[in-house]
Amino acid sequence: MDSGEVKISLEDSPSSGESFASTTSGPCCGSGRDLDIQVHESHIKDDQFPSRATSELQESKKSNKKCSSDLSTENSYAANKNVAEGLMDIALLSANANQLRFLITYNDKASTYIYSMIMVILSLVLQLLVGIMLIFKRRLKRFRNRSYERTNDLLVMGVFMITVINILLAAFTTTDGGGSH
């Protein structure tokens with residue numbers, strides 16, 4: 001059955017740094033990774049070539065499906081964003097702990113000592129509560145019920161309160177402590 005020879009090659013080979021799965025998903029993307037079909041016309045006439053394969057390729061070019069490499073780019077962005085947010089949370093937590101140490105050590109005679117101390121402790125407690133709620137939110141995400149929505153609302157309010165408290169804390173903290181330790 002030597003009626004003709006069909007060669008199918010990929011523009012990007014698996015050795016080009018991508019995984020084999022993302023390379024073979026080319027027809028779904030419509031992003032330049034379409035299969036090149038070369039037909040030796042000496043062996044096959046145009047009416048003998050299966051039109052199903054060419055019509056599938058043309059339809060896949062028109063579709064807007066995302067490649068797995070496109071999805072991994074979005075997942076990578078989300079992961080990097082989450083890491084950056086986590087690092088910012090840790091920085092805020094350590095800054096508040098350092099401010100608490102500063103208040104206790106050097107600023108215990110300041111006129112705003114009690115207000116600053118209350119706000120630092122309140123901010124630290126709220127940060128811990130928000131962190132614990134984030135853990136539970138992840139577990140509740142599977143169910144998407146009313147408690148998930150309530151937890152999400154409480155988290156937004158908690159983050160807002162932490163922000164307001166830290167702005168007020170920056171305004172009320174003074175360095176006019178009379179104690180020299």
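Cβ atoms are placed via backbone N, Cα and C, with glycine included.
The region 'Disordered' annotation in Swiss-Prot covers 1-72.
Under the heading topological domain 'Extracellular', Swiss-Prot lists 1-115 (among others).
Sequence annotations record features per position, and here Swiss-Prot assigns region 'Helix alpha2' to 94-110. Residues of the region 'Helix alpha2' (94-110) grouped by DSSP class, helix first, strand second and coil last, total 13 helix, 0 strand, 4 coil.
Residues annotated as transmembrane segment in Swiss-Prot: 116-136 (among others).
Within its own chain, the topological domain 'Cytoplasmic' (137-153) is flanked in space by no residue lying at least six positions past its ends with a Cβ under 8 Å from the stretch. Positions annotated as topological domain 'Cytoplasmic' by Swiss-Prot: 137-153.
Taken from Swiss-Prot, the feature transmembrane segment applies to 154-174 (among others). For the transmembrane segment (154-174), same-chain residues at least 6 beyond its ends with a Cβ under 8 Å from one of its own Cβ atoms are 92, 96, 99, 103, 107, 110-112, 115-116, 119-120, 122-123, 126-127, 129-130, 133-134, 137.
The feature topological domain 'Extracellular' is assigned by Swiss-Prot to 175-181 (among others), with a curator's inference given as support.
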Cβ-Cβ under 8 Å with the transmembrane segment (116-136): same-chain residues at least 6 beyond its ends: 89, 92-93, 96-97, 99-100, 103-104, 107, 110, 151, 154-155, 158-159, 161-162, 165-166, 168-169, 172-173
Local confidence of the region 'Helix alpha2' (94-110) - pLDDT mean: 87
